[in-house]
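Below: one structure, written as structure tokens.
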Amino acid sequence: MENFPLIFVLLCSVLVFAHGFSRNLPILSFDEGYSQLFGDDNLIVLKDGKSVHLSLDERTGSGFVSQDLYLHGFFSASIKLPADYTAGVVVAFYMSNGDIFEKNHDEIDFEFLGNIRGKEWRIQTNIYGNESTKVGREERYGLWFDPTENFHQYSILWTNTHIIFYVDDIAIREIKRTESMGGDFPSKPMTLYATIWDASEWATNGGKYKVNYKYAPYIAEFSNFVLHGCTVDPVDLTSLKCEDTSSASSITTGISPSQRAKMESFRKKHMQYSYCYDKIRYKTPPSECVINPKEAERLKKFDPVTFGGGRGHHHARKRHRQSQAVAI
Ligand SMILES: *[C@@H]1O[C@H](CO)[C@@H](O)[C@H](O)[C@H]1NC(C)=O
């Protein structure tokens, strides 16, 4: 009976966890869904086969990529970010097809921007469609928890009509496809990526604070991989194989009224930047923006933000790998 409290704690965490996965989607092992992208032994698959550590040190960052290409679906991972001093460090969980469509790529991004000690990580979301890299659609947020303390689930829902970003069960952003967006809405098959890398030039206060390797290695932990959607044949991009989504109603029905209320409340409290209110970048906000004067007023007080090269994550990663090759 000595073990009883431990078992009880374990059971509770399983229940809490299952609740986080109310979508009821299968969780893949790393080898079932992903392959290493770069970083040698800075990528470690843990014994359970379902968790991965990605680390950044003075030699290299690291990353992995989904084995399949997807057109639409629900994509998710639980992530725990490195603690303490993380200025200049970027952890990214994103979809891209820059390897296939070099001149007209699409992207859907979750980016975690490190910070100096005592200041919190921030999250950035963004999309590109058909190489729309002249129009960054970034938003930035704080979180209601410390993302270095526990695992939290970060998810992307991508359909033909909308894209929703989730943190745990909270939808934090919805992008509806509008006619005027044209090709700017991601619409070609993409793979999923997770990376950690040195973005000293821009990640923290526009490059003011660099990565300090005294605190390396920086380790981001990943688990609970969900890749649930339509896979696409890489040779014949029109050939789709879709998983049954009937058990996952959120995929087909989108956002419920109660989820929407939570989203609005999150955005009111935690959104720190939205491209729609950035008058320096956009004299006229991009067509899909719905301007809320109260929000505009509130977002005024945040510092201007510098963005990652303005050419998308794919290019940032490529640059990063090139500079590594030179360093080695
Ligand atoms: C994507 O961009 C190319 C130009 O690079 C253009 O010809 C094409 O029509 C665009 N596609 C969409 C769907 O807007």
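Each residue, glycine too, has its Cβ placed from N, Cα and C.
Curation does not apply to TrEMBL; its annotations are automatic.
Record features (TrEMBL):
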type     : residues : note
ACT_SITE : Glu107   : active site, nucleophile
ACT_SITE : Glu111   : active site, proton donor
COMPBIAS : 311-322  : compositional bias 'Basic residues'
DOMAIN   : 2-222    : domain 'GH16'
REGION   : 303-328  : region 'Disordered'
SIGNAL   : 1-20     : signal peptide
Number of other Cβ atoms within 10 Å of the Cβ of the residue listed as 'active site, proton donor' across all protein chains: 22
Predicted model, mean pLDDT over the domain 'GH16' (2-222): 90
